[in-house]
Amino acid sequence: MPKQIDTILTNIGQLLTMESGGPRSGGSMQDLRVTEDAVIGISDGRIVFAGHQGAEEGYEARDIIDCGGRLVTPGLVDPHTHLVFGGSREKELNLKIQGMSYLDILAQGGGILSTVKDTKAASEEELIEKGLFHLGRMLSYGITTAEVKSGYGLDKDTELKQLTAAKKLGERQPVDLVTTFMGAHAIPPEYRNSPDEFLNRMLQLLPEIKEKGLAQFADIFTETGVFTVSQSRNYLKKASEAGFGLKIHADEIDPLGGAELAAELHAVSADHLVGASDEGIEKLAASGTIAVLLPGTTFYLGKHTYARAREMIDAGVRVSLATDFNPGSSPTENLQLIMSIAALHLKMTAEEIWHAVTVNAAYAIGKGEEAGQIKAGRAADIVIWEAPNYMYIPYHYGVNHVRRVIKNGKTVVSREGAALG
């Protein structure tokens, strides 16, 4: 007698399971292991089987989904966002086009301080409603797991408000969220001459954040004009002692030594890395710290020097990709677009890109054992794409290729019959 399960996805043209015993690096990022003419079984929100057609023998499902020969992959993972914020900054785009520098925009009350002001003014519920809108977009683009940072408060009340909003967002919509405390995102004007005092104030929040379960990671912006390597080391060591995983906004502009620090402290990830040194790249490879690259930020800022993804991969660094969704330097929820930018500007292959937005991205936020792979026993987080093969997604840029998103075994996005794009 056939075993009853909830759902069978059949007639899959190409299946990427992304099965891996850990984050991929070097040549293993080329090993995609495509299964053609495939099938997936789901029950109670979990994968029962995934493999070649015929694996469904002995099972009977209440729901059959015919994938029509299309591409099927794990849900995408976005390991770096700033999606809880107030306001927006569209007025700054024309100023940038006219040649106004960021410092000039900042002097006029724009830049990050504008977002800090708007985030302070917003209520917790307003931040949640705005976050729900952005997460709905992310889900529609195939993202089923994401990281979200605070950092637009720079004071106790607003940072806690952001983190609380993020926690509630995780409870009110399908995308799984991992939260990072980033109170050390910038130096407030009132602490310009006393950054150490500001960092100490942020460190004082850690016990309450931990007690309330508001964040899993702590992050700091290690960059010229923000926090030094020495300040960052002290801050992150204390965060680690308080029980937080570590992340670093490292070497976005200058080769300050953020990559080396991330490796030294065995941070889970080092993010940005546009200015990372050769030594920093070597140390990241040796430490296992994952490089989270944000090419959408470089693209949107109109810069021409991108992170050296090709050298990182060749050196053995575990590389992932993220949107860096934020209102100032990367206002997009579209990880598919980032995949195209990674191909064109980071010179990553399609195979490397798929690892970077699934399995490696999941490990970059501590979700490697739960997200980013289609594997028996794991949550059934799956995307059916309006695409014939995996190479098509980074190739055909600027549109949404999602046909259906399945989260924990349930369809949460269906664009079938719609004018896709």
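Heads up, the Cβ atoms here are built off N, Cα and C, so glycines get one too.
Counting only residues at least six positions away in the same chain, the Cβ atoms of H80, T81, H82, D271, L294, G296, T297, S330 sit under 8 Å from the Cβ of D324 (Zn(2+) binding site). Sequence annotations record features per position, and here Swiss-Prot assigns Zn(2+) binding site to H80, H82, H249, D324.
For H249 (Zn(2+) binding site), the same-chain residues that are 6 or more apart in sequence and have a Cβ closer than 8 Å to its Cβ are M182, H185, D219, I220, F221, T222, E223, G258, D271, H272. The feature Fe(3+) binding site is assigned by Swiss-Prot to H80, H82, H249, D324.
Residue environment of H185 (4-imidazolone-5-propanoate binding site) contains 25 other Cβ atoms, counted within 10 Å of its Cβ in all protein chains. If you look up Swiss-Prot, you'll see R89, Y152, H185, E252, S329 marked as 4-imidazolone-5-propanoate binding site, on the strength of sequence analysis.
The N-formimidoyl-L-glutamate binding site annotation in Swiss-Prot covers Y152, N326, G328, and the record cites sequence analysis as its basis. According to its DSSP assignment, G328 (N-formimidoyl-L-glutamate binding site) is coil. Around G328 (N-formimidoyl-L-glutamate binding site), a 10 Å sphere centred on its CB holds 22 further CB atoms from the protein chains shown.
Ranked by how many other Cβ atoms sit within 10 Å of their Cβ, the binding-site residues N326, S329 place S329 at the bottom. Same-chain residues with CB within 8 A of the center of the H80, H82, H249, D324 CB atoms, the Zn(2+) site residues themselves not counted, are T81, K149, D271, H272, V292, L294, T297, A322, F325, N326, S330.
Those residues of the chain, other than Y152, N326, G328, with a C-beta within 8 angstroms of the mean position of the N-formimidoyl-L-glutamate site C-beta atoms are H82, F85, R89, I112, T115, G151, P327, S329. According to its DSSP assignment, H249 (Zn(2+) binding site) is in a strand. Here the C-alpha separation of N326 (N-formimidoyl-L-glutamate binding site) and E252 (4-imidazolone-5-propanoate binding site) works out to 15 Å.
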